[in-house]
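Peer 1: Pulled these from TrEMBL:
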type	residues	note
TRANSMEM	31-54	transmembrane segment
TRANSMEM	66-85	transmembrane segment
TRANSMEM	126-145	transmembrane segment
TRANSMEM	152-172	transmembrane segment
TRANSMEM	184-203	transmembrane segment
TRANSMEM	215-236	transmembrane segment
TRANSMEM	248-267	transmembrane segment
TRANSMEM	279-299	transmembrane segment
TRANSMEM	305-324	transmembrane segment
Amino acid sequence: MPQEQLDTLCYKIREGLPKWRDIFTWQLFKILLMGQGLSALICGTAVTSQYLASVYYLNTPMLQSFINYALLGITYTMALIFRRGDGNILQILKTKWWKYLLLGLTDVEANYAVVKAYQYTTLTSIQLLDCFIIPVLMILSWFFLKTRYRIIHYAAVCICLAGVGAMVGADILAGQEQGSSSDILLGDGLVLLSATLYAVSNVCQEYTVKNLSRVEFLGMVGLFGSIISGIQLGILEHNEVSKIQWTWEIALILAGYALCMYGFYSFMPVIVKMSSATAVNLSLLTGDLFSLFCGLFLFQYTFSGLYIVSLVVILIGFIMFNTVPTLTQTLALSSDEEGCDNHGAEFDNDSTQGCVDEITCAQAEQDQIKSQAVLYLQKNCVAVSAAQYGHLPIHESFSISQTHTTVLKP
């Protein structure tokens, strides 16, 4: 078999599990590194929010969200305004305005619900229940994105959740169960609601960035997110905003929060397009750990060795999840290697497309083997015919050899 065929993706699938050099690739390293960059940005938002609440007694989550959505609108919505054709903002609003309105509402309320939950439940409960986004994401991806997971993916998720359990255990041993317990059921309900809304938003994000464009998603979220969060800001937090004693420290911390959140929203679609929304949320499980590490220096948290164990376990689970692609991602990775952009087409195929492509590759190899055998028979028959009918011209001998080949063809 030619060496070119040995390097095809279908051949690797038939040979079984990939080798180590095929697992730890530069693509996996980029996804891992960028995922931890997102966790660092989440850590930045957590630290700045903690400073605003504990030092300056500023509790305005909707104001912080509004600044982020406004930045998205200024950059990405403006980019859609200057686009031409179907990508122009007017064309998008004519056909899909209600879809992006629901997406913006979902995203805004998810952010508000999780911040509101800190007033009613503990940090430990939020860390545990916030992992509810992972199974909800997998279920939604299964039905709407036609993603088919394998056993190793479920095992990787369980390993990551075990790492979160180790982190929560470290919090309990260190006595860092922050938050109020005045109405735990309400707080836990808000966390579950937030996780569900985040899952819906992330599935919509994955579909949009892989089928349409990253700029369209961020531009529409910035537009409708600014409108919805601005209305809620005027209704719910107008008193708190009017009482703010503005100083350069508060303005600087707010700017730091807004920049971290803006960077998170801007770069998350890039990683989602490279992997999936589920993989990105698995990498974000280390965000709480980064916040705890910062708290060791900024808020005098107590260190525990379980934090390191938790970080290592979560990273192992994340690497396991990305070593074997899901069925909807297999074609996309193959098209990237060949220089083709088939991200928009991969969601139009059902879960059997991977098997069809494998059968097609096998059939192509068989056809090539048959063609080589036919060519070999043609050459032999030409020689035999030339010897047998030596008195005939060359072109007539070749014609007779073709007749023999037709009979001998398998």
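Just so you know, glycine gets a Cβ as well, placed from its N, Cα and C.
Predicted automatically and left uncurated, TrEMBL annotations should be read as such.
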Peer 1: Does the transmembrane segment (66-85) come close to the transmembrane segment (279-299), meaning at least 3 CB pairs under 8 Å for residues 6 or more apart?
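Peer 2: Judged by the Cβ rule, the two regions do not touch, with the required three close pairs absent.
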Peer 1: Apart from its near flanks, which chain residues at least 6 from the ends of the transmembrane segment (66-85) lie with a Cβ under 8 angstroms of it?
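Peer 2: Those are 91-92, 108, 215-216, 218-223, 225-226, 229-230, 233, 254, 257-258, 261-262, 265-266, in sequence order.
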Peer 1: Is the transmembrane segment (126-145) packed against any residues at least 6 beyond its ends, judged by a Cβ distance under 8 Å, and which are they?
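Peer 2: Residues 114, 117-118, 157, 160-161, 164-165, 167-168, 171, 179, 187-188, 191-192, 194-196, 198-200, 202-203, 206-207, 276-278, 281-282, 285, 288, 328, 347 contact the transmembrane segment (126-145) from elsewhere in the chain.
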Peer 1: Do the transmembrane segment (31-54) and the transmembrane segment (184-203) come close, with at least three CB pairs under 8 A (pairs 6 or more apart in sequence)?
Peer 2: no
Peer 1: Counting only residues 6 or more past its boundaries, what in the same chain has a CB within less than 8 Å of a CB in the transmembrane segment (248-267)?
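Peer 2: Contacts with the transmembrane segment (248-267): 34, 37-38, 41-42, 44-45, 48-49, 51-52, 56, 58, 63-65, 67-68, 71-72, 218, 221.
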